[in-house]
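Inspection log for the structure reproduced underneath, given as structure tokens.
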There are 4 protein chains.
Amino acid sequence: MTFTDLPPYDGDDKPHDECGVFGMYSPQPLDLAWLTYLGIFALQHRGQEAAGIAVSDGDKFHVEKDLGLVTQVFDERRLDSVRLANARVSIGHVRYSTTGSNLRFNAQPLTTRTNKGILGLAHNGNFVNAREVRNQMLMEGALFATTNDSEVMLNLIARESHMDLVEATAGAMQQLRGGYACVLMSRTALIGFRDPNGVRPLVIGQRDGPDGAYVIASEPCALFAVGARLLRDVLPGELVWVDHDGLHSLMVNPSRPTPCSFEWIYFARSDSRLDNVDTHESRIRMGEQLAREFPVSADIVVPVPDSGMGAAIGYARESGIPFDYGLYKNPFAGRTFLAPTQEARDLKVKMKLSPTSAVRGKRVVLIDDSIVRGTTSRQIVNLLREAGATEVHFRVSSPPIKHPCFYGIDTAARKELVASTHSIEQIRELIGADSLKFISERGLREAVSGPGLCLACFNGEYPAGTPLLGDVDKLALEV
Amino acid sequence: MTFTDLPPYDGDDKPHDECGVFGMYSPQPLDLAWLTYLGIFALQHRGQEAAGIAVSDGDKFHVEKDLGLVTQVFDERRLDSVRLANARVSIGHVRYSTTGSNLRFNAQPLTTRTNKGILGLAHNGNFVNAREVRNQMLMEGALFATTNDSEVMLNLIARESHMDLVEATAGAMQQLRGGYACVLMSRTALIGFRDPNGVRPLVIGQRDGPDGAYVIASEPCALFAVGARLLRDVLPGELVWVDHDGLHSLMVNPSRPTPCSFEWIYFARSDSRLDNVDTHESRIRMGEQLAREFPVSADIVVPVPDSGMGAAIGYARESGIPFDYGLYKNPFAGRTFLAPTQEARDLKVKMKLSPTSAVRGKRVVLIDDSIVRGTTSRQIVNLLREAGATEVHFRVSSPPIKHPCFYGIDTAARKELVASTHSIEQIRELIGADSLKFISERGLREAVSGPGLCLACFNGEYPAGTPLLGDVDKLALEV
Amino acid sequence: MTFTDLPPYDGDDKPHDECGVFGMYSPQPLDLAWLTYLGIFALQHRGQEAAGIAVSDGDKFHVEKDLGLVTQVFDERRLDSVRLANARVSIGHVRYSTTGSNLRFNAQPLTTRTNKGILGLAHNGNFVNAREVRNQMLMEGALFATTNDSEVMLNLIARESHMDLVEATAGAMQQLRGGYACVLMSRTALIGFRDPNGVRPLVIGQRDGPDGAYVIASEPCALFAVGARLLRDVLPGELVWVDHDGLHSLMVNPSRPTPCSFEWIYFARSDSRLDNVDTHESRIRMGEQLAREFPVSADIVVPVPDSGMGAAIGYARESGIPFDYGLYKNPFAGRTFLAPTQEARDLKVKMKLSPTSAVRGKRVVLIDDSIVRGTTSRQIVNLLREAGATEVHFRVSSPPIKHPCFYGIDTAARKELVASTHSIEQIRELIGADSLKFISERGLREAVSGPGLCLACFNGEYPAGTPLLGDVDKLALEV
Amino acid sequence: MTFTDLPPYDGDDKPHDECGVFGMYSPQPLDLAWLTYLGIFALQHRGQEAAGIAVSDGDKFHVEKDLGLVTQVFDERRLDSVRLANARVSIGHVRYSTTGSNLRFNAQPLTTRTNKGILGLAHNGNFVNAREVRNQMLMEGALFATTNDSEVMLNLIARESHMDLVEATAGAMQQLRGGYACVLMSRTALIGFRDPNGVRPLVIGQRDGPDGAYVIASEPCALFAVGARLLRDVLPGELVWVDHDGLHSLMVNPSRPTPCSFEWIYFARSDSRLDNVDTHESRIRMGEQLAREFPVSADIVVPVPDSGMGAAIGYARESGIPFDYGLYKNPFAGRTFLAPTQEARDLKVKMKLSPTSAVRGKRVVLIDDSIVRGTTSRQIVNLLREAGATEVHFRVSSPPIKHPCFYGIDTAARKELVASTHSIEQIRELIGADSLKFISERGLREAVSGPGLCLACFNGEYPAGTPLLGDVDKLALEV
């Protein structure tokens, strides 16, 4: 087990999603190894640290996982090693770790042997009471091979030796609180379930044609990648399963729906529709809302590529100020770029983003989706000024992030959140903008206009509770 | 020496530039290994198949090169292995091979021992008479370790044992015809030279501050990456060299300037300025020109990301039709994506580009920079229609490509060039667009409005001649 | 987790030991990562499929393990990753798997979090009732991440949450039957224990000098490798532990000592002394005994290198027939040699062993330590005849192997054991020797003359019992 | 091109041979990639730093080479990449570099394009006038991609554009002096040639059966490995070639035969017969000679494994003192063993060689083949004393090495040769032996009793001359 030292994603001051999950069940033989590869490749934006695939044909059960991008972990040989001629069920996972522990043995799917046979679990999100449950089980004699929340879930399922797999999983859902979306496979069934508030997304799809295979995934793009169409979202608190009898549903513990607002602000791909709200459209509305809330006299609207694109188009439309491509983004920038010194680390932003001639002599409205630490924002503003921008008006399509997320988003530690320790005016000064405005919470709600939203990182109201322990920084589970 | 089988860059039907070159000379000790790494990283878009760096301190001469991206070839350990405490001169190279022979031993810089000491050469472009010169030298007893044009250049230089390095290089320039831009280093000097027509670009920069190191590179972005500002372009037919006495120039064989138009259409980064013409601005003008030449009634203007961006903004501005982000581009798509079958190969475009909700129910003006084979274009049009676009009007910011390039661009074989065998109407039908229009040659000239342009791939007029042999397909040099 | 396909050790028809174990406890800071590397390197002959090291300083607990030789798994970087400045306790392991399942996740040390803190276990041998105990624990809700016997042991230890670690380990020893020798570490203590019959070896040593660190290992050579001298063997059924108070002992369940005879015949290094019997000396005595039991008229005595060396020297001494080096052994032969076809597989022996001129025209007494399948023996006899040997008299320093080992030795499946299905005369004919003789059981006992011996693979008398299940071939634990 | 930092072969104070060469020509299609793999695998003892194979079918010409052992360089995939369905001619090479420059681009076969088509060359040995010839050719305008002597040979061949390949090769032989044995291939012919004195070995073989393919190799073991029998040695100064007309011979420049004595002392495998003298038999005679020249009263004769084996058997036979296996050699010791500190470097010998109980309380005659620096000898003597040997009498089956080899053997720099700066008595004291004796030159001659011998490293009489330059340490060719 290697404690690796992958640097954080380069030149990037964004919240990071924990994971993407994917599962398939096919009544007829399909190349599920290959399809699962496509599915998690489409979810790569949700996690770049590790990738894994498990496949079963009802008898054999293969799993491969490792640190790295999907295309790094899976070459032909390694994909072959999970391929089964009569594959029936599979799951896949891409991971971004919240706790900074890029342990190889924490890569998912997590597989284990239990009294319900061999099981594989892939999850997105966090259980806020995992630590208490885990400590209790340790006292009762359980072993934990990993520090992964998934293992707590699997232990809860295994403990109920008198229940069948669906019952035991529903029982485990009732004991673990938090924001999560999971896929679970046995040799013969695929299960998907989502937390009571639906904080983390999960959708169901089905392939047309003879196999009619079912797919469960974090976002619709993963369905499309395998030739499936979107059936519907898994509902908050719902458990669905697929076996030889088809698709079944059980409402386990539904509560008030509060899906994570950051899925629309930044995480989800702009071709995704979650809980019946389109991401691209909501981003354009965020930009329009920003333009209404915080108009400014300027010459061009420039997105921070690529995440500010939708809001910039919206801002330009509502304000009438021309949209322009003022920042070139080097498509080869990424985590493998070397940066041995501090000076070099500053170079990272410069090697990734470079102003075009569009900004020279212009008053620029710069649109980004969020500000976490503010370091990158300052460098971007600086780059624009060096390239001849006369004014830089910064507009952000999310409210200030002041609180940590306990539901699977890595927002940086609270003390690093610039908005939790600085006023907006102080941040403006810090990043060197001529003006700085964040969309209002109300404006964000209206732009998404969905079923309710989790805004905990903005306002500290946690719909699924917080860890019980006084010290919430000690989420890492230790013996 | 491994004959590798890297697939062509995935889901991509673009012309490919052969290479990017970079060189530095510093009168004071600088970490040239690191700076050259930054320089070729900024040029990565010009070649993704191989990368290399050579460094000398006046005595030692280190070189590292291999197949792969800059960040794949150079990890810390390998960059260290070319690092020299008192580095004085360095060159670097990124490569895209024209002939499909991704040979490791063809990676550059090419280094050799000659009567002028050890030399390193990195080149971009092609010598159209390399084969004849090579065969002549073989008959005279020369050895060729590679099939690389660079080795012909080096043999010509070495043969003139009575001349110094600058004289011999100027002599070699006079014997080799074509489109090329090269950097050449000895242990104590850096040389840069550009073909008589300036087909391939080359610029000179200098770092501010105490070292005042000189930089020669394919594009200005590589200068900025190492903290240098742009001094000027190397002129067509000019040879410049830098040694302990500073920067010198020799006009060897200048001719009518006809830089490659594709640098402005597609190759050069949108933050580059070549031969005094800004690429981003010229792309916006191409879009405006297209809108004037071929207006259409539509709802949104959508770029094929990222290369259609500038022209799409221009088209939207001139036409008044709203710009929108109608195609999501997966930033993780790239050459390492597995695609074992034909069906899977079709998936490649789908895994790379995905329509957003913006196109649903809309008449779309789709802007791309070029069409080579047309295969990708057809898939994109199809994706848009499946996503609900009611009309797709395809606009291309380059004229139809009908002729091969002999100056270092890989445009596909002539019979694969869809425009050399099909009428525009036939292409329109093939790709399934409602209308298809290419910018006129005159329109392109006006949009670039530079010093003259090579338009050979559009009109077959080759300013620097063609290979002498009847069969131009046999460019590969064989014994 | 990669299901690898390492071929069995090439050109080798030997029984294979399951593992080598190693542990250290130092009252003063020592570079235990490095010393453990040395220790398991010295034990490499006991297992070539996987290697691992765990180190703790009382707080941090690092572990690295992977498939491969010690020197393949541990390069500088990876050894550094388990290095701790104030290391106090460590264990290491080399593995040869009995069941053919070269799973990466079965590599040891196995580490887990329990109510006794984090624990690491490395074991050599087999528990014959592991399957029943495992199935019972599964029914009670336990998870098993691996198919490793060690995990059963750790579950038994964890289950006794009211006991301390030493008590719980002693309790687990009483529930698991078989032949085994284990080292177990917590953050602050090292434990070693050996099965009631002492089937598998385990020795204790101590470093001279200021640190006085204790070492527990499978063979004395591992003690010498880290600068320790041999204190004594761990006794059959004994549990020893080392903590800040020094070395302690607990006799848990001693029984009649019957150490594995194959340690002296073949496994243990010829510089090892186990249970007070020197291996090299006992091998010479085996050869002398063979010469007395089965004399023959011949010209030279030739060992199959290297394992027949000791017995060949003994045979030559007792018989007066000159010893000679008649078979050259290629030191580069090993598992990485390619052998795509059956013809090529035959080549493996030929590429490993080659007759010297010594055998030409000679009557050869060929000495080997054992015959398992007989395939290699036939090839060696054939090689000698082709090289001009006029007679080949095969002498084997172990009795015929007729029964499988359940205590950690991989002897091949019973039906592959040539001596379980053929008479000695039939084997002689099969391998093409002029005569074939095996040492008698009594002769072997006298040559070793130790405290009793396990001879189960020769006579089917299993001192520590056999698996309870009817089908002993299904030792692999499955859910 | 990576400047690697492979450590010298561990715990080993031996002269090192430069290389092994191998070539095949088959009139019928054969899997020459695979057979050449077998051939160079059998020659692995002659060079462990790099390996390479080139194969042609008359049209295609494939080559693969890299740093590492044969089994490290060639996995299935890489062997496949040189495989040709209708292979006709092939060569292979294993390399140990004399100059310490483990450059990847110096790996062989060296391939190049010339006016005689593409050629591949693999050589063993050194040209003493390579530097002068090379400098002359540089002045005439030649390029040198490598610092490899082979490239000088290829340039000489290419320069004679009016001659055919055989003539040009014979011409090159006449211009280069030294000790060498080479195989050279074009697309349609295989050539082998040996220096005028036959310093380096080269043999010819032929496969039985329908293909009757010819083989040329450094030692007969490589013939046997591919199913060929030994026809004869290539004679000193002879050039042989094989093409569709069969095997041909040309005596180019024969001189007095003086093959390298170290082939019999140490280099060649003990199953080899070179120039009609068997290596194993000659080693036994060396031991017998040593016993006659330097008898001693002792209890056992112990070889330093494995190279002292033959001489130890001879010494034991002649003296009547029993042979015993007193030093266990760890078969896993090798170059990949980590040894970060000086203390650890001392450990290397200890990890490789370990005394058995045989030496305890005994007067030991220790037999080794040579002493170069003496460092390892001292450590071995020390190990034996620590293990209880009462006396250690060191006997060496070669005379003291006092002079460097210019014909392809790496004996260490002259100042490191302990015998060139110390008397035998001083060396005895240095290594701590009770007595130390080297075989006499005359005794060595008699033991080999071949056609004459090169004894230059013992007596400084160089049959093929020395480098012309005053400073013979500057053999490395530099521009």
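Including glycine, each Cβ sits where the backbone N, Cα and C put it.
No curator has checked TrEMBL annotations; they are predicted automatically.
Of the residues C:S307, C:S420, C:S423, C:S435, TrEMBL puts just one in the Mg(2+) site with C:D368, C:D369: C:S307.
Listed in sequence order, the residues C:G179, C:V199, C:S261, C:F262, C:Y407, C:I409, C:L455, C:A456 complete the 8 Å Cβ shell around the [4Fe-4S] cluster site centroid, once C:C260, C:C405, C:C454, C:C457 themselves are left out. According to its DSSP assignment, C:C457 ([4Fe-4S] cluster binding site) is helical.
Rounded to a whole value, the Cα-Cα separation of C:S307 (Mg(2+) binding site) and C:C260 ([4Fe-4S] cluster binding site) is 17 Å. Cβ environment of C:C260 ([4Fe-4S] cluster binding site): C:G179, C:V199, C:R200, C:P201, C:F267, C:Y407, C:I409, C:L453, C:C454 lie under 8 Å away, each six or more residues apart in the same chain.
In terms of C-alpha distance, the listed binding-site residues C:D368, C:D369, C:C405, C:C457 place C:C405 closest to C:C19 (active site, nucleophile). The distance from the Cα of C:D369 (Mg(2+) binding site) to the Cα of C:C457 ([4Fe-4S] cluster binding site) comes to 14 Å. Sequence-ordered, the extra residues of this chain that approach the Mg(2+) site, with Cβ no more than 8 Å from the Cβ center of C:S307, C:D368, C:D369, are C:K14, C:I265, C:Y266, C:P303, C:V304, C:G308, C:A311, C:I367, C:S370, C:V396, C:S397.
A strand conformation is recorded for C:C260 ([4Fe-4S] cluster binding site) in the three-state DSSP classification. In this structure the C-alpha atoms belonging to C:C457 ([4Fe-4S] cluster binding site) and C:D368 (Mg(2+) binding site) are separated by 17 Å.
Counting every protein chain shown, 21 other Cβ atoms lie within 10 Å of the Cβ of C:S307 (Mg(2+) binding site). For the pair formed by C:D368 (Mg(2+) binding site) and C:C405 ([4Fe-4S] cluster binding site), distance between Cα atoms is given as 20 Å, rounded to the nearest Å. When other Cβ atoms within 10 Å of the Cβ of C:D368 (Mg(2+) binding site) are tallied across all protein chains shown, the result is 24. Mean pLDDT for the domain 'Glutamine amidotransferase type-2' (C:19-245) in this predicted model: 93. For C:D369 (Mg(2+) binding site), the number of other Cβ atoms no farther than 10 Å from its own Cβ, over all displayed protein chains, is 24. Secondary structure at C:C19 (active site, nucleophile), as computed by DSSP, is strand. Around the Cβ of C:C457 ([4Fe-4S] cluster binding site), 28 further Cβ atoms fall within 10 Å across all displayed protein chains.
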